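Worksheet for the structure shown next.
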Amino acid sequence: MAISDSPETIGITGTSTSPLTDSDLTHTLRRRPAAATTVPRDVADSGSRTDEDDSTLNDLVRDSGSDDSVTAKICEPGDNVRIGGSEASMDSVNAVQDNKGLGENDRGGDPSAVKFAYRPSVPAHRRVKESPLSSDAIFRQSHAGLFNLCIVVLVAVNSRLIIENLMKYGWLIKTGFWFSSRSLRDWPLLMCCLTLPIFPLAAFVVEKLALQKSISEPAVVSLHMIITTTSILYPVLVILRCDSAVLSGVTLMLFACIVWLKLVSYVHTNYDMRALGKSTEKGDAVPSSSNTDIPHNIGLKSLAYFMVAPTLCYQTSYPRTACVRKGWVFRQLVKLIIFTGLMGFIVEQYINPIVKNSQHPLKGNLLYAIERVLKLSVPNLYVWLCMFYCFFHLWLNILAELLCFGDREFYKDWWNAKTVEEYWRMWNMPVHKWMVRHIYFPCLRHGVPKGVAIVIAFLVSAVFHELCIAVPCHMFKLWAFIGIMLQVPLVLITNYLQDKFRNSMVGNMIFWFIFCILGQPMCLLLYYHDLMNRKGKAE
């Protein structure tokens, strides 16, 4: 048997071929773990054996836990193999393997591949090892198979629940779920949404005047404050004056909040650029590499691109891709339609019946309220995950692809968050970047303590969450505001637990428990019952 210089490679030559070359070593066999290599007796006895041959066989015995690979040339049945100074038929090798219970699968997937069997005298236990699921080794193992098992079980269990729900309650989705005659009464909201671009145009005019130094800096600040405030109050007044559907009101408020955030970024960025330009002219500051995109003029094209781009932070130029992948966009659109329909199915078939058959969580029986919250948590979680996937992954990526927008980090792996603080930093990257750029660091530059700056950022977020929910519902109970502000103590608590236990699993489980059970289902029940009570009093 010819042994190469590498202890992991074994060359086997047949008599019908010339000596092996590098190109012949094309077939790699993965040896079974814990299998010690040996030679069948009839092969070994087919010729004389020397001390060198015995040493060769001993060298082939590897650690049972190793993952060595054996490289060999494929030998067809009938060929002869050379082991040391002896030759033997491949048929005899395969016959011995079959007698030992080694079928074709045990030969590396090829019926003609050479395979080695156990020798009784070879030690089976060679080192101290942990079980794969022990606490010291569990995170060093691959759990892809268990993940696949969870997917299969999840699909099976939910399929059974869907069939059981349809058999028990029937098809609950009404024909007017997507569009009804009441939707026609929401035309004022549509007109309001179509007139929102007036405010970016007004901000552009003000910036042009500021660039030409036609108006003073205090006048620029005052005009921008009027424009941004009007851009958010105008939709609020339209929604409150119209008896519109809640979904239509939420959509308009989301558009209005996005326009407001973009306007603030546009104004703040241009103000900072003017300040840096003045400092450079005076020699007080030297532009760094991060400030090389200071514009010499204000362009309407850059503003128009920014208003439709999937970002909330204004800059004069963005990283761009080379082309639009039309086939990719089509596939993402199909996924968007499928998951949107799935969300509608879960809402109408599961969430609505559960909520309608519930009581106010703060006024009814405590155990009954806990049961309703737990029952609502699973479908609510599914809807939230579908919403996240549809908006942050599918829609924003579709928009970025159509606009050749290069920076597509719209979210990070927030599902691995160990603390509440990490979750808020990773799940919505456009808003996080806006908060850091226009709220957090400006506060720090003005001497505001770090803790107070974090509270201010959560306060701004809480106000907009309340506006997006309370205004369409025509009631101000401050549940969303309180829910967001409660994140501040949760940040402190989860940070403390993370520092104390030094275990990512503890913080991640606390995050999921708060996220799935105590948070959204409770707010949903609170807003639904308050909304039903308001409608009942109105009638």
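For all residues, glycine too, the Cβ spot is worked out from N, Cα and C.
Curation plays no part in TrEMBL annotations; they are all automatic predictions.
Copied over from TrEMBL:
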COMPBIAS  13-23  compositional bias 'Low complexity'
REGION    1-71  region 'Disordered'
TRANSMEM  144-163  transmembrane segment
TRANSMEM  187-206  transmembrane segment
TRANSMEM  218-240  transmembrane segment
TRANSMEM  246-264  transmembrane segment
TRANSMEM  333-351  transmembrane segment
TRANSMEM  381-405  transmembrane segment
TRANSMEM  452-472  transmembrane segment
TRANSMEM  478-497  transmembrane segment
TRANSMEM  509-529  transmembrane segment
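By the Cβ criterion (under 8 Å, sequence separation of 6 or more), the transmembrane segment (218-240) is not in contact with the transmembrane segment (333-351), since fewer than 3 such pairs are found.
With a cut-off of 8 Å between Cβ atoms, the residues of this chain six or more beyond the transmembrane segment (381-405) that come close are 305, 308-311, 318-325, 328-329, 332-333, 335-336, 339-340, 342-343, 346-347, 351, 411, 427-428, 516, 520. For the transmembrane segment (187-206), the residues of the chain that approach it from at least six positions outside its boundaries are 215, 220, 223-224, 227-228, 230-231, 234-235, 238-239, 241-242, 244, 248-249, 251-252, 255-256, 259, 262-263, 266-267, 298, 300, 303, 307, judged by C-beta separation under 8 angstroms.
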